[in-house]
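Copied over from TrEMBL, here are the features:
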- 131: active site, charge relay system (ACT_SITE)
- 206: active site, charge relay system (ACT_SITE)
- 230: active site, acyl-ester intermediate (ACT_SITE)
- 180, 206, 227, 228, 229, 230: substrate binding site (BINDING)
- 18-45: coiled coil (COILED)
- 91-548: domain 'Amidase' (DOMAIN)
């Protein structure tokens, strides 16, 4: 009787806790729906007041064209903002692909202030979408976690303040995967975001809501973040351009705290904020606007390096290193073909292409990236889930993270001869990672210098995954997380689409090792004919403008 009573009491407590969590999630969804309804009413009101607004024309403009028309006065900031808020796109798109989680209601007040300003900033009148975890005054930054619901932020993050000072209008916040430790885009609060190009596919992550919204036409410029490819992967999956700048070029200041054990993680694998858009010029303009006196004043830890327009607009021939595979994860047929075709285009345009192979890639992924990311054996991350529920798309990762350290070590030893990756079997503290990362960076740069390279052309993971695979293929981020470890600026540019020939060749894909991860990758990318394929462009630290210039060259040729 005592045992039965105790079991019933435990079950009741668990049920009550679960019910409390469900109620909080339901309240968050109601709040989101009310915010979107408020946005819909505002857009409808403007449409009635200004029935002649050429919404379709406004939405068809590139960001460069939009900036020009706003500055010359042929378009008003109101017409642009309400066009993006209205019938298209931010509303219809989010109903279709579930990418918007909040309306930044202060954007209408900001619009009125903007009209009174004498000086027009570089982003005057441009509506911008913001990733969930970036703080906006009066709004939550949930991280996809119930425990952070209700924690309304009292001030804008530095990057939002700078965007506003340049005339931009942040107007919506977008969805992310729970904890942002997955390159899918799903959480139990706001649900699964779909790829607008194919609803059976993931938009990527963790900046997946941004990618989905921009790709569907609901935003012209977005701000994401990147710790393993979280800007570059969704850009690849959705056919966008995205830039991961050098760490500290744009600081994470006052943004939402991630789920890693501080402070060691911050030293080992730098995290960055960066722009996402439909073309490279949009990214360059955003970087130019952000790297201003206001940024340097608000955050003195950011080096005062203004955007170098001369480097970005240079036409000097480049010496380009390239590789089609990193030797860790065999690229899908379309990934490999994208690099081959881009290489030929660049060569024909007068650039010099030099074969390059990243040194010790297994060591980078297994030791420097994963063990560096989770220097405490993922204990802090697991602790964050107390009193919360785990999203199904994160469950396989989370179940591994919470294994006892001894079990992880034993599994790592047992599985070593069988599989290629043990990156999920994280074993304890490795406090010398910062030193090891610096030593590897020195070795990498020495190889770069020996070949006299300006930039590197390489694959980026793609095409878009089928739902449910990203959480089971964390190690497949090797193509992007290498440049987080190195802290090199890296960007993604779409260069074509998946062909039927690619799909046919995929049937014979075996991977480097023929292990379960290789099999999963094949399954993950199946059925992608017509979806975007991209390449990755890389430069040395602090040469973000050169990286963008290279991206622009690839974009123009492709």
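Each residue, glycine too, has its Cβ placed from N, Cα and C.
Heads up, TrEMBL stuff is auto-annotated, nobody curated it.
Same-chain residues lying 6 or more positions outside the coiled coil (18-45) and placing a CB less than 8 Å from one of its CB atoms are 82, 85-87, 90-91, 94, 100-103, 105, 108, 142, 146, 149-150, 171-172, 188-190, 387-389. Taking the mean position of the Cβ atoms of 180, 206, 227, 228, 229, 230 as the substrate site, the remaining residues of that chain whose Cβ falls within 8 Å of it are 181, 183, 205, 207, 225, 226, 231, 233. Each residue contributes its Cα atom, and for residue 229 (substrate binding site) and residue 131 (active site, charge relay system) these two points are 15 Å apart.
For residue 180 (substrate binding site) paired with residue 131 (active site, charge relay system), the C-alpha to C-alpha distance reads 11 Å. Ranked by CA distance from residue 206 (active site, charge relay system), the recorded positions 131, 227, 228, 230 have 230 at the top as the closest. A gap of 14 Å separates the Cα atoms of residue 227 (substrate binding site) and residue 131 (active site, charge relay system). Between the CA atoms of residue 230 (active site, acyl-ester intermediate) and residue 131 (active site, charge relay system) there is a gap of 11 Å. The substrate site in the record is lined by 180, 206, 227, 228, 229, 230, and its two most distant CA atoms lie 11 Å apart. Residue 228 (substrate binding site) and residue 131 (active site, charge relay system) have their C-alpha atoms 16 Å apart, to the nearest angstrom. Confidence annotation: the domain 'Amidase' (91-548) carries a mean pLDDT of 91 in the model. Long-range Cβ neighbours of residue 131 (active site, charge relay system) (same chain, at least 6 residues apart, Cβ-Cβ under 8 Å): 173, 174, 176, 206, 207, 209, 210, 222, 223, 224, 225. Counted within 10 Å of its Cβ, the other Cβ atoms near residue 206 (active site, charge relay system) come to 34, all protein chains included.
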